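Okay, structure first, notes after.
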Amino acid sequence: MNFPKVGSKIQIQSYKHNGSIHRIWEETIVLKGTSKVVIGGNDRILVKESDGRHWRTREPAICYFDSEQWFNTIGMIRADGIYFYCNLGTPFTWDEEALKYIDYDLDIKVFPDMTFKLLDEDEYAMHRKMMKYPPEIDRILQRSVDELVSWIHQRKGPFAPQFVESWYERFLQYR
């Protein structure tokens, strides 16, 4: 299987459990692309929502996708520090068209001091009923929230000191 090449521009597509498109991020530059991990960088890119709305991101960001974890992270570089937005969802797939995953509603926002907040539990509860998430998905997601919190506490993976900054330096080489 081919994986996105370093320096190439890719699209990121998130879907819902029922197969409908949720959100599309245009033009993320691949900084690392392997069977296990894809790391990308972007800045002020267009994001299209499933309801037709669209908007631009406000700051540079480093995205981290892991083929074994049910979450991905976006490290947003702001004047007052690095914020993370973490999406709970399936491990990524790559099919030459885009990097894809299924979004399962729950999110964790991490602040520069590494405190964090679990978000969208109400949306998850609603979609779990509406889209009939199987019990196994619920178990996987609860374990994944725990794993993600552990990574935050341990400063592991994308939360490691200088992770976002060093990948951002590489991103600047492609701009």
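Glycine too: its Cβ is placed from the backbone N, Cα and C atoms.
Worth saying up front: this structure is predicted, and the values here are computed from it rather than measured.
In the three-state DSSP classification, Arg23 (active site, proton donor) falls within a strand. Other C-beta atoms found within 10 angstroms of the C-beta of Arg23 (active site, proton donor) number 16, with every protein chain shown included. Taken from Swiss-Prot, the feature active site, proton donor covers Arg23, and the record attributes it to sequence analysis.
Sequence annotations record features per position, and here Swiss-Prot assigns Mg(2+) 1 binding site to Asn87, Asp103, Asp107. Secondary structure from DSSP puts Asp107 (Mg(2+) 1 binding site) in a beta strand. Of all Cβ atoms in the protein chains displayed, 19 besides its own lie within 10 Å of the Cβ of Asp107 (Mg(2+) 1 binding site).
All chains included, 16 other C-beta atoms sit within 10 angstroms of the C-beta of Asp120 (Mg(2+) 2 binding site). As annotated by Swiss-Prot, Mg(2+) 2 binding site applies to Asp105, Asp107, Asp120, Glu123.
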### Message
Given a separation of at least six residues and a C-beta threshold under 8 Å, show me what packs close to Asn87 (Mg(2+) 1 binding site) in the same chain.
### Response
Ser14, Phe71, Asn72, Thr73, Ile74, Tyr101, Asp103, Asp107
### Task
Compile a sequence-ordered list of residues in the same chain as Asp105 (Mg(2+) 2 binding site), six or more apart from it, whose Cβ lies below 8 A from its Cβ; state 'none' when nothing qualifies.
Leu88, Asp120, Glu123, Tyr124, His127
### Query
What is the one among the binding-site residues Asp103, Glu123 whose Cβ has the most other Cβ atoms less than or equal to 10 Å away?
Asp103
### Task
Write out, in the order they occur in the sequence, the residues of the chain not among Asp105, Asp107, Asp120, Glu123 that have a C-beta within 8 Å of the mean position of the C-beta atoms of the recorded Mg(2+) 2 site.
Leu88, Tyr104, Leu106, Leu119, Glu121, Asp122, Tyr124
### Task
Name the secondary structure element type, per DSSP in three states, that contains Asp120 (Mg(2+) 2 binding site).
coil
